[in-house]
Structure formats: C-alpha cells, structure tokens
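TrEMBL annotations:
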type	residues	note
DOMAIN	4-153	domain 'Casparian strip membrane protein'
TRANSMEM	12-29	transmembrane segment
TRANSMEM	50-70	transmembrane segment
TRANSMEM	102-125	transmembrane segment
TRANSMEM	137-161	transmembrane segment
Amino acid sequence: MGSKVLRAESVLRILSLVFAAMGALLVGLDTQTKTVFFVTRTATFKDMDALWVMTVVFSVTAGYHLLHLFRCLAFTWLGKNPCHCTKFVAWLYFVLDQGSTYATFGATMAALQAALVGLFGVGILQWSKLCNIYTRFCDQVAGGIICGLAATLVMAVVSAISAHRLFQLYPRSRRSSLKSAGGGRQWLLF
C-alpha cells in the first residue's frame, strides 16, 4: 500500500509542478501591443498586481514541488523509504503542502477577479473593458488561470496525502480507549 501511495503522490506532485509552471509561463511571458487612437500600449502581467502575484506564487510553488520530487528521488536512490519520517518533518511537509495549496488558490482567485474586471469592466467606476482590445493577452491569462485551478485541485489531493501520512504517526490506541471508556456515547473533540 505504501508504494502505491508514494507513486500516486509522485505523479500528483509532477502534475502540480507542470500545471503551476504552465500557469506561470502563460501569464509571465504574455505581452500584447496594440495601437488605439494613435497611442501604442503594451499589456503585460505587471500591469495588474494580481497577475504579478499569481506568477510569483506559481513559480515558487513549482519550485517547491520540484525540490520535493528531488528529495523523493534521492531517498529512493539511497534505498530509504521517504514515507517514514519524524513527526517534526511530517508536520513541516504538511504545513508546506497546505501553505502552497492555499497560496495558489488565493493567487488564482485574485487573478480571476482581476481578469473578470478586465473582461467585463466596471461601469460605475468607469473602468472600460480591456479584453475586447487585448484579446490574445486575455486568452493567455485565462489559460494561466485554468492551469492554476487545476494545480490547486491537484495540490489539495497532495495535501490530503500529506495529512494522512502525518496522522498515521499518531497511535490509534488513545482515541479508541477514550471512545470505549464513555460507552461510545461521548462526543470527542480531540
């Protein structure tokens, strides 16, 4: 069972690495120049702070998953099982996995909100639509956001595996003895 979970985690980390890197590259390398009323303007990801933050978060997340894959490969090459670790290391991986998942989700949602403002505009604030001018730019940003959503979903599964590994390190006897002491009718909060 442990080797299947390890393989699944490796495949999921590769998928999250690929989706995060694709999202960062799609948005980070996206530029489009248009001339409107004799004014030449170039749209880049630096024009919207949410797109810049999304690119940075995706890059850091892809780097984290790449380092984690190298760690797994090194342990496998040395013949050690990377699943067996101390509670401190398991907590560290759990917190880092959760943090990368939440950061990617937050950056993706902020970029989605900024993209919707660019797509539909805000008439009350007199913000005009931009996606009817910079169509290719907006299409690539949409692709980056879709990659971010896919990366977030894959990272959520990786976080669940990490949580499962962490809580396997704690004994079951304490939970079962507390439950049996109360006759099974007592609600446990811990």
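Glycine is treated like the rest: Cβ placed from N, Cα and C.
TrEMBL: automatically predicted annotations, no manual curation.
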Contact set, same chain, for the transmembrane segment (137-161): CB under 8 Å, 6 or more residues outside the stretch: 5, 8-9, 12-13, 15-16, 19-20, 22-24, 26-27, 30-32, 43, 45, 51, 54, 58, 61, 94, 97-98, 100-101, 104-105, 107-108, 111-112, 115, 118-119, 130-131
The domain 'Casparian strip membrane protein' (4-153) - residue tally per DSSP class, helix then strand then coil: 111 helix, 14 strand, 25 coil
